[in-house]
Amino acid sequence: VFVLCLVAGCSICWFNTVCFVLCIRNFPTNRALALSLTISFNGVSAALYTLIANAINPDDETLYLFLNALVPLLASSLALVPILRQPPLQLLSTDTTSRDSFVFFVLNVLAVFTGLYLLLLNSLSSKASRARILLGGALILLLLPLCLPGIVCGRSWARRTVHTPAFCLEGPTFSSFDPDDFDQLHKELIGNDRNNNSSSVNPFSETNKEGLFGMIMEKGRLTVLGEEHPARLLVRRLDFWLYYVAYFCGGTIGLVYSNNLGQIAQSLGYYSQISAIVTLYSSFSFFGRLLSAAPDFMREYVFTANCVYSVYKLASTSPAIVRWLAIAVVPTPIAFFLLAASGGEAALLASTAMIGLSSGFIFAAAVSITSELFGPNSVSVNHNILITNIPIGSFLYGLLAALVYDSNVKSSNQENLLEEAMVCMGRDCYQQTFIWWGCISLLGLISSLLLFLRTRLAYYGYQRNRGRTQVS
């Protein structure tokens, strides 16, 4: 089991890194949308595995191990062909960018329907006959994206042949700027900020320069977005460590909760509902990952006489994405304190959903944030430095939960012997753990708020310079 987990962990890290780099390089103007889709379907895999297992034999738990061996092998084999035949990287035209934006919009709509389907109908899959029907519908939804090339071709044909002033098929485009203009703007922004020595308007430049808070706000703060940070420079940045703590105390602690979810449900007396609870966490994690692309969907629209079109696009480097990181951490301490206060089924389900939504958003948004703050070309190295907190947090948070659990087993009068393992039953098994986890996640919330305040100047300068470019 140890060797299996070791090999699987290395494989996941390698696979994720390759996917992140491919998304950033191939879809520079739709980066957040591509990353959210890539990461979001990781969150729904547990619900899909449950559906497949129930369709084969609901009473055979060994099927999960078999599916873990077979499904990734088949999926990787299918993905190998397009990856090997990947075309060389080239600058994208405005038409290509607009087409990609339309494709990503359709993919996100399909992803939402897929998540709702698995969330709402998975509870009906306890019988093999119904599970097979539901699995057929899920497979259709997962295969629908393969029809997108035909839809894109049909849309292009319609634009050429049916386009009239009274019927506008352009619709809102999700990328209203040329990639060449984006690169030029980025270079000009870095040059201007360096020459002006960060002379942009800074809400904290004239105040708060004294004291601990002023030092935290001003010392070594980022003033330029997207500047490349090699590893040596990265680890000397206070912004990086604030980001590291926010991830460590936000997303990672949610992952550890999911790893202990089966034992938590068992100790609270809901052992028969473990599959449903895991599916709930998986589904809400899926939606949280999709929501990470929400800043990229924010647009301002104007109405003309005959059609609606977008005139402004909040970039994936919108300040909202860092602000949303702080907002995304908020449900986690609330959920843990709710679990500590109540051991009821409603509290367990609500807390699981909140933690899944929160951690899912953080997992997906983190790649874009790493790229934006510390450079897109260095993201493969920098993001792997960031996620070293996952094994560290898994060990520390898991050890804390185990020590509390074992101490309550020894002191409890309700000790059970199940397959030569001591089982703790009751709220006390995890109550102290939930309190500790809640306090730790509050630290992550504070860290994410400080990160937002420290990077606000860089985002403000970016948006101001970009607004000037668009006006000109």
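Each position is counted from 1, following the chain as shown.
Quick reminder: no glycine exception, Cβ is built from N, Cα and C everywhere.
Unlike curated records, TrEMBL annotations are generated automatically.
Residues or ranges marked as domain 'Nodulin-like' in TrEMBL: 1-149.
Away from its own ends, the transmembrane segment (6-25) comes close to residues 31, 34-35, 38, 76, 83, 86, 89, 367, 371, 376, 379-380, 383-384, 387, 391 of its chain (Cβ-Cβ under 8 Å, at least six residues beyond either end). As annotated by TrEMBL, transmembrane segment applies to 6-25 (among others).
Feature annotation from TrEMBL assigns transmembrane segment to 32-56 (among others).
Summarising the annotation, TrEMBL assigns transmembrane segment to 62-81 (among others). Long-range neighbours of the transmembrane segment (62-81) within the same chain, counting only residues 6 or more positions beyond its ends whose Cβ lies under 8 Å from a Cβ of the stretch, are 15, 49, 52-53, 56.
Residues 27, 30, 33-34, 36-37, 40-41, 44, 47-48, 51, 134, 137-138, 141-142, 144-145, 148, 151-152, 155, 171, 173-174, 279-280, 283-284, 286-287, 290, 293 of the same chain, all 6+ positions outside the transmembrane segment (102-121), place their C-beta atoms under 8 angstroms from a C-beta of that stretch. The transmembrane segment annotation in TrEMBL covers 102-121 (among others).
The feature transmembrane segment is assigned by TrEMBL to 133-153 (among others).
The domain 'NFD4 C-terminal' feature in TrEMBL is assigned to 227-457.
Within the chain, the transmembrane segment (240-258) has long-range Cβ neighbours (under 8 A, six or more residues past its boundaries) at 229, 234, 264, 278, 281, 285, 325-326, 328-329, 332, 355-356, 358-359, 362-363, 366, 369-370, 373-374, 386-387, 389-390, 392-394, 397-398, 401, 437, 440-441, 443-445, 447-448, 450-451, 454. Feature annotation from TrEMBL assigns transmembrane segment to 240-258 (among others).
Positions annotated as transmembrane segment by TrEMBL: 270-291 (among others). Sequence-distant contacts of the transmembrane segment (270-291), counting only residues of its own chain at least 6 positions beyond either end whose CB sits under 8 Å from a CB of the stretch, comprise 36-37, 39-47, 50, 108, 111-112, 115, 118-119, 122-123, 258, 261-262, 328, 345, 348-349, 352-364.
According to TrEMBL, the transmembrane segment annotation covers 321-341 (among others).
If you look up TrEMBL, you'll see 347-374 (among others) marked as transmembrane segment.
Annotation source TrEMBL lists transmembrane segment at 386-405 (among others).
The transmembrane segment annotation in TrEMBL covers 434-453 (among others).
Beyond the transmembrane segment (32-56), the same-chain residues lying 6 or more positions past its ends with a Cβ under 8 Å from any Cβ of the stretch are 19-20, 23-24, 26, 63-64, 67-68, 71, 101, 104-105, 107-108, 111, 114-115, 118-119, 122, 125-128, 131-132, 134-135, 138, 174, 275, 278-279, 281-283, 285-293, 295-296, 316, 321, 356, 360, 363-364, 367-368.
Mapped onto DSSP helix, strand and coil, the domain 'Nodulin-like' (1-149) counts 128 helix, 0 strand, 21 coil. Within the same chain, residues 204, 216-217, 239, 242-243, 245-250, 253, 256-257, 319, 322-323, 325-326, 329-330, 332-333, 336-337, 339-340, 397, 400 sit at least 6 positions outside the transmembrane segment (434-453) and bring their C-beta atoms closer than 8 Å to a C-beta of that stretch. Mean predicted confidence for the domain 'NFD4 C-terminal' (227-457): the pLDDT average there is 81.
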